[in-house]
Amino acid sequence: MARFEEQKLYIGGRYVEASSGATFETINPANGEVLAKVQRASREDVERAVQSAVEGQKVWAAMTAMQRSRILRRAVDLLRERNDELAALETLDTGKPLAETRAVDIVTGADVLEYYAGLVPAIEGEQIPLRETSFVYTRREPLGVVAGIGAWNYPVQIALWKSAPALAAGNAMIFKPSEVTPLTALKLAEIYTEAGVPDGVFNVLTGSGREVGQWLTEHPLIEKISFTGGTSTGKKVMASASSSSLKEVTMELGGKSPLIIFPDADLDRAADIAVMANFFSSGQVCTNGTRVFIHRSQQARFEAKVLERVQRIRLGDPQDENTNFGPLVSFPHMESVLGYIESGKAQKARLLCGGERVTEGAFGNGAYVAPTVFTDCSDDMTIVREEIFGPVMSILVYDDEDEAIRRANDTEYGLAAGVVTQDLARAHRAIHRLEAGICWINTWGESPAEMPVGGYKQSGVGRENGLTTLAHYTRIKSVQVELGDYASVF
């Protein structure tokens, strides 16, 4: 028996039954418990959501900037009031430790919404003088109805990162959460409605990407798609979105990010950064620094410091506030990660720790994989080339700066990169040469609301967060005004 009642769709400011009659289950990865049956949206439901969004967006866009700003600020207050309640639900659905979801997931999502709520009155056009009797002015107008397609690793945070700039700019959004972790997006929809967002401005459709996601990307009344997920799926979404009606797209895709530790680095700090960059959220973070480059002279000392920190990781029940490392998000994903680990062993990477499923006692009922560190890795190994999205660190040895940067850039991905060094000139020189959209110097992982994030190469298109993202949820209308006579050539 499921823990929660059957979950419906959220359309037009309320829960509605899916017309398909079909459902799927969402599972607690810590113990295999069925959390809820979730209704699967049909094409008819997509059409209902689009029509609701079209009508709601007209009401929303007609409000003054300050009215929209106040409503979004009210939603921020509600999110913060219910932080612990939402965090508990996120922990059940994702398997992330409660200590993590309380401190990060809802907090960082609310921060982004607060940031954009404050920017609503600052959306403005330009006035461009041409001559004494003529000038041009521009208007930044909302796109209309947009769609967000989320990933399973940060369900409510991603829903907020996508909806906050969209709604701030006067758009309506239809959001499709991952079918692996769909629960908190529905709660966000409730909060938006309670805060005063007009009916239809934020709708949630649950279901598969192959069906619901595809129908959204193809719909002619949807003006933009914002997608977070794997690169192969992102390519399909982008192709469908552009071929159907030349939609704008934002793609936050995969990564295989390099972390370069230079010989002068503080190795304690470097080990702290490397462990956080690989094992936070059980390694299920798109920006993880999974390729760790260490200078040959420092390899043994660095490995010892990494192992010392891995031994301090508190793997356990996500509900236990002492736990800081939980299960992977699902059993199928666990099998995928274990497959990569076996590949690393087969290709002769040297295993320093982990490398297996954790099955002791109650852990055997969950999707637990031990924190895993491989060393003596080579650039052609599968664990070094492909995104694993799990707790697997690959340590690679280099001899000089040019070699490290060349090898760091030798990937189809370009999401993130980082360096650890006490030499400020070297830090900036290296960062400027690294082919990645998000870079860190002597730190890793923080993505504040003010910071545009997104990738180079096959890690994405466009950005999320920051001022630039708000602009991309608007379109510019240019208007020329002539105050003098009009001279016709005829």
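Easy rule for this one: first residue shown is 1, then count along the chain.
Yeah, the Cβs are placed from backbone N, Cα and C, and that goes for glycine too.
Here Swiss-Prot flags THR26, ILE27, ASP93, VAL180 as K(+) 1 binding site, drawing on sequence analysis. What Swiss-Prot lists as NAD(+) binding site is GLY150, ALA151, TRP152, LYS176, PRO177, SER178, GLU179, GLY230, THR231, SER232, THR233, GLY254, CYS286, GLU387. The feature active site, charge relay system is assigned by Swiss-Prot to LYS162, GLU464. The K(+) 2 binding site annotation in Swiss-Prot covers LEU246, LYS457, GLY460. Look at Swiss-Prot and you will find GLU248 tagged as site 'Seems to be a necessary countercharge to the potassium cations'. According to Swiss-Prot, the feature active site, proton acceptor maps to GLU252. The active site, nucleophile annotation in Swiss-Prot covers CYS286, and the record cites sequence analysis as its basis. Positions annotated as cysteine sulfenic acid (-SOH) by Swiss-Prot: CYS286.
Around the Cβ of THR26 (K(+) 1 binding site), 25 further Cβ atoms fall within 10 Å across all displayed protein chains. Of all the binding-site residues in the list TRP152, PRO177, THR233, LEU246, the shortest Cα-Cα distance to LYS162 (active site, charge relay system) is found for PRO177. Each residue contributes its Cα atom, and for GLU179 (NAD(+) binding site) and THR26 (K(+) 1 binding site) these two points are 7 Å apart. ILE27 (K(+) 1 binding site) carries a strand DSSP state (E or B). When the Cα atoms are compared, THR233 (NAD(+) binding site) and the residue listed as 'active site, proton acceptor' turn out to be 11 Å apart. Long-range Cβ contacts of ASP93 (K(+) 1 binding site) within its own chain (separation 6+, distance under 8 Å): THR26, ASN28, LEU35, PRO155, THR181, PRO182, LEU183, THR184. For the pair VAL180 (K(+) 1 binding site) and GLY460 (K(+) 2 binding site), the Cα-Cα distance reads 22 Å. Using a 10 Å Cβ-Cβ cutoff, GLY460 (K(+) 2 binding site) registers 28 neighbours. Around the Cβ of THR231 (NAD(+) binding site), the number of neighbouring Cβ atoms within 10 Å comes to 19. Note on proximity: among ILE27, GLU248, LYS457, the recorded positions of the record, the Cα nearest PRO177 (NAD(+) binding site) is that of ILE27.
Following the DSSP three-state reduction, the secondary structure of VAL180 (K(+) 1 binding site) is coil.
Candidate binding-site residues: ILE27, VAL180, LEU246, CYS286. Fewest other C-beta atoms within 10 angstroms, LEU246.
If you measure from the Cα atom of LEU246 (K(+) 2 binding site) to that of the residue listed as 'active site, proton acceptor', you get 19 Å.
Using a 10 Å Cβ-Cβ cutoff, GLU252 (active site, proton acceptor) registers 27 neighbours.
The Cβ of TRP152 (NAD(+) binding site) has THR94, SER178, VAL180, THR181, VAL329, SER330 as same-chain neighbours under 8 Å, each 6 or more residues away in sequence.
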